Amino acid sequence: MNNSENPTALIMIFGATGDLAKRKLFPSLYRLFKRGKLSERYCIIGVARRELTNSAFQESVRQSIEEAEGHHDDLNEFITHFYYHSHDVTDSSSYLALKTLANDLDTHYQLEGNRIFYLAMAPEFFGTIADHLKSDGLTDVDGFKRLVIEKPFGHDLPSAIELNNRLRQAFAEEEVYRIDHYLGKEMVQNIEVIRFANAIFEPLWNNRYISNIQVTSSEVLGVEERGRYYENSGALRDMVQNHMLQMVALLAMEPPIKLTDEEIRSEKVKVFRALKSLEGEAVKENFVRGQYGPSNKNNEPINGYRQEPMVKADSNTETFVAGKLIIDNFRWAGVPIFIRTGKKMATKSTKIVVQFKDIPMNLYYQHEKTLNPNLLVIHIQPDEGISLYLNAQKSGDTMNATPVKLNFSNNSVDHMNTPEAYERLLYDCMRGDATNFAHWDEVALSWSFVDKISQVWENQQAEQFPNYEAGTMGPKAADELLEKDGFHWWPVESGDYR
Ligand code: NAD
């Protein structure tokens, strides 16, 4: 593990003219530079299909950073470390020219032979690029070599295995950094700290004191221009297989014996292994799929999913998923973990609500209702923070218990911008810390869980689609899923949990 605080590396970004590079990677690299987290000996080669001169590429890097971060005088200096290589992913001679450029820059900037290959490209290219990186000698270096790839990692378990086998011809497992950008988010990383650094939570973090956990990740946007991709993916593959299950693993794992990437990932893997697999009828009982239909609220017509570009008129693709997960182990037996995620919902919000069990006997009345349960809410995005809901007495109001909220908001306490997920992840990768990347074992286990659900859904046309109106919190069946167990979704859209 390279734990230097200012690691040195040559970073090659494949797909450097694409959306991900422009919106996330260049601004993140600049923010690392601003925070003093990039060594002075850094160098980036942008690789993409189009013909560009170095200076035209540098200008496009400048532009994308200015759009995200505003104008800064030191940008002139920053972008001089960017180089461009016009590339055809299938052509060996192009890799050989790239190798020569990389070796020259390695010597010029004294990069110690450290290389990061970031594939910000469509996944169908991953295998071909990895093959060539090895066969054309770009991975023959004295320092470290690391491969960073974006989701989706396969379409199902067999395709993920095929891709993984191919990548592993060129890179060892510990050299493959599979990005799940949720794992780079401040409050997702905080799940571990909240759990393992507070005496008041860990003793209660089990089936004796927790009644259920709810993880919601809702988006207001629809599929926009990504209809073609989304038709083959759907919310289950796009969100549940990776981000949602990763959050569940962090919530449910046992305390690791040390905070190392190996120990943490091995605890997460145990959660995936304990996740009760669902088949046939059990899928229908525990999972709900939805697809947004048109809406005309306030006379503002909004397209349904089937009216979006590149989407079939009778599409069977789900844009919403809700599910009940059972973790079959000592700690969690009997505690449902409910997840829901979807597009074109009422609010953009990622939140975790941990609902504690009721106290054994209620000595108070509360507006003639039963006592509110204690809740721990972890706000992941767009607001970041923690709220704890307790019951307390209002002044002068004896015998009455009123819910009060203890609030910690990252946004208001910490005026410095918290680092972007990609910024953290790039830095972690440079330092060789793989904790916040998905290990192959996690990817494989989560695919095998999700595949059984998609098999049932794909084999049966959803007659009820579309089944939720754009701008709402999903289909009625998602509410009924919780009602069966005597629960309800805490309203993340209003933020009012009383
Ligand atoms: P994009 O279509 O905007 O960019 C694709 C890039 O690949 C371009 O630079 C293009 O020049 C290059 N390219 C395409 N074909 C090529 C070829 N034959 N040879 C050489 N270069 C070629 O894509 P994007 O939105 O930047 O996404 C890239 C990857 O990241 C995808 O796997 C996507 O799923 C994933 N991703 C993107 C985002 C995002 O915010 N855009 C978020 C998460 C994951």
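Glycine too: its Cβ is placed from the backbone N, Cα and C atoms.
The feature domain 'Glucose-6-phosphate dehydrogenase NAD-binding' is assigned by TrEMBL to 12-190.
DSSP assigns THR17 (NADP(+) binding site) to coil in the three-state reduction, outside any helix or strand. Taken from TrEMBL, the feature NADP(+) binding site covers GLY15, ALA16, THR17, GLY18, ASP19, LEU20, ALA21, LYS22, ARG49, ASP88, VAL89, LYS151.
Listed in sequence order, the residues of the same chain lying 6 or more apart from HIS181 (substrate binding site) and placing their CB within less than 8 Å of its CB are ALA421, TYR422, LEU425. DSSP assigns HIS181 (substrate binding site) to a helix in the three-state reduction. Look at TrEMBL and you will find HIS181, LYS185, GLU219, ASP238, LYS343, LYS348 tagged as substrate binding site.
Sequence annotations record features per position, and here TrEMBL assigns domain 'Glucose-6-phosphate dehydrogenase C-terminal' to 193-490. The average per-residue pLDDT of the prediction over the domain 'Glucose-6-phosphate dehydrogenase C-terminal' (193-490) is 93, rounded to a whole number.
A simple way to gauge crowding: the CB of HIS243 (active site, proton acceptor) has 23 other CB atoms within 10 angstroms, across all the protein chains here. Feature annotation from TrEMBL assigns active site, proton acceptor to HIS243.
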For this session: Could you list, ordered by sequence, which of these binding-site residues: THR17, ASP19, LYS185, ASP238, LYS343, LYS348, have a Cβ under 6 Å from ligand 1?
Result: THR17, ASP19
For this session: May I ask which of the binding-site residues LYS185, LYS343, LYS348 is closest to HIS243 (active site, proton acceptor) if we compare their C-alpha atoms?
Result: LYS185
For this session: Around the Cβ of VAL89 (NADP(+) binding site), how many other Cβ atoms lie within 10 Å? Please give the count over every shown protein chain.
Result: 19
Seminar exercise, completed: In the three-state DSSP scheme, HIS243 (active site, proton acceptor) belongs to helix
Seminar exercise, completed: Candidates LYS185, ASP238, LYS343 (binding-site residues); nearest Cα to GLY15 (NADP(+) binding site) turns out to be ASP238
Exercise. Per 10 Å Cβ neighbour count, which of the binding-site residues ASP19, GLU219, ASP238 ranks highest?
Worked result: ASP238
